[in-house]
Amino acid sequence: MMRTRPLKVALLGCGVVGTEVARIMTTHADDLAARIGAPLELAGIAVRRPGKVRDGIDPGLVTTDATALVKRGDIDVVIEVIGGIEPARTLITTAFEHGASVVSANKALLAEDGTTLYDAAGRGGRDLYFEAAVAGAIPLVRPLRESLAGDRVDRVLGIVNGTTNFILDRMDTAGSGYSEALDEATALGYAEADPTADVEGFDAAAKAAILAGIAFHTRVRLDDVHREGITEVTSADLASAKRMGCTVKLLAICERAADGRSVTARVHPAMIPLSHPLASVREAYNAVFVEAEAAGQLMFYGPGAGGAPTASAVLGDLVAVCRNRLAGATGPGESAYTRLPVSPMGDVVTRYHISLDVADKPGVLAQVATVFAEHGVSIDTVRQKGKDGEASLVVVTHRAHDAALSGTVEALRGLDTVRGVASIMRVEGE
Ligand SMILES: NC(=O)C1=CN([C@@H]2O[C@H](COP(=O)(O)OP(=O)(O)OC[C@H]3O[C@@H](n4cnc5c(N)ncnc54)[C@H](O)[C@@H]3O)[C@@H](O)[C@H]2O)C=CC1
Ligand SMILES: N[C@@H](CC=O)C(=O)O
Ligand code: NA
């Protein structure tokens, strides 16, 4: 039965995502009411620039005082799409103190200080939902928190940043320059307010921290995640990957150790074979594999960024928390009971593709091979091309500890016959 008294919603932030949230709330008001069992009322919209013309937004709802809005006391759900750490954190905790549930898209804050938010939600007896924070429109957070709550997840691996995937795709398939592709991603609403967060891997690392935490029922913070962005990936790397039948993707990889006693979380560019499903993830799409003991391998795929796709995830959460409120219930809170430690990157087992510029003379190959052997790293393939007394040597290793691999590269740099290390990239997905 439909309740006539509306549920009041406060929207914090009216940028790329907030605008789409407001639009869908208005255009789909009847459907949303029917699905929830009560109408929604957009009770206020906190913005930073009140004078800006916003199509379809009632100027009477706009305020610059976000704090007063969340303190009103009659707000049922606060949607936070401002981004950043402060004032978002204080606004969210204040919202819980004043009886609201919260839907947020803020991965940076959840990865930095999710515990504070969960604790505030718990104290207030309210919901904290954040499907939009990881992989945009793709249902991934709720499947991990709810559908897979009865299974044991061992690995989460995928592409979780739309902007960097868009840039790498454009560089690889359209020959675009890095800056040109980044500008395009920004214009399409994919990039963060400061795109450094995307290209330096902070955004993907925040998502990896959130995914590892909910997948392994532990706490993983942004600082626990090994992070490398795409700023050093060159067209030469992409061309070299192509020659090997691979492409380059920025991957987030969260793994439970084989003995089950620790976890690792990392974000870095990696070569993956063109035959791997992740290789065909184009533009700002995301794709994530989840490997669980009983379920086996699951793949989640879809739009990972952009106003409307992200708003879809926000609206889904809004419906869920509104239903909970009407039922007098709450959804899942933080589940971090395993308290598994996060191991350093050196413990990760992976493969390297190393491209070296070396002197083209007898014994160099043997010298290079000795360095690998001394570090306990086994070589899979070697390709050499010589020209004018210089040669380029491409070595692909078998799986080894990352610490041994980086020790090998360090030692190679110290050889007189090695003129330079042109590129080092991990190889995944084989
Ligand atoms: N754009 C995307 O594709 C996705 C974004 N997100 C997340 O959604 C959130 C919002 O992202 P976008 O909409 O893209 O950013 P945006 O920069 O377009 O929008 C944020 C808005 O918040 C406003 N704002 C900042 N401080 C404020 C304050 N104190 N009070 C009121 N308004 C304030 C800004 O003026 C801006 O209009 C971020 O946490 C972002 O990481 C998540 C998934 C995808
Ligand atoms: N900037 C992010 C937006 C979605 O989370 C991205 O590019 O993926
Ligand atoms: Na999502």
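Each residue, glycine too, has its Cβ placed from N, Cα and C.
DSSP gives Lys207 (active site, proton donor) a helix state. For Lys207, the entry in TrEMBL reads active site, proton donor.
Feature annotation from TrEMBL assigns NADP(+) binding site to Leu12, Gly13, Cys14, Gly15, Val16, Val17, Gly18, Thr19. Cβ environment of Thr19 (NADP(+) binding site): Arg54, Ile57, Gly307 lie under 8 Å away, each six or more residues apart in the same chain. Thr19 (NADP(+) binding site) falls within a helical segment according to DSSP.
Lys107 (NADPH binding site) carries a helical DSSP state (H, G or I). Under 8 Å, Cβ to Cβ, and six or more positions away along its own chain, Lys107 (NADPH binding site) finds Phe130, Ala133, Val134, Asp203, Ala206, Lys207, Ile210. Here TrEMBL flags Lys107 as NADPH binding site.
Following the DSSP three-state reduction, the secondary structure of Glu192 (L-homoserine binding site) is coil. Look at TrEMBL and you will find Glu192 tagged as L-homoserine binding site.
Among the features that TrEMBL reports, domain 'ACT' is placed at 353-426. Each residue of the domain 'ACT' (353-426) gets a DSSP state, and the totals for helix, strand and coil are 23 helix, 35 strand, 16 coil.
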Recorded positions whose CB lies under 6 angstroms from ligand 1, from Gly13, Val17, Thr19, Lys207: Gly13, Val17
DSSP state at Cys14 (NADP(+) binding site), helix/strand/coil: coil
Nearest-integer angstrom distance between the alpha carbons (Cα) of Cys14 (NADP(+) binding site) and Glu192 (L-homoserine binding site): 14
PLDDT averaged over every residue in the domain 'ACT' (353-426): 94
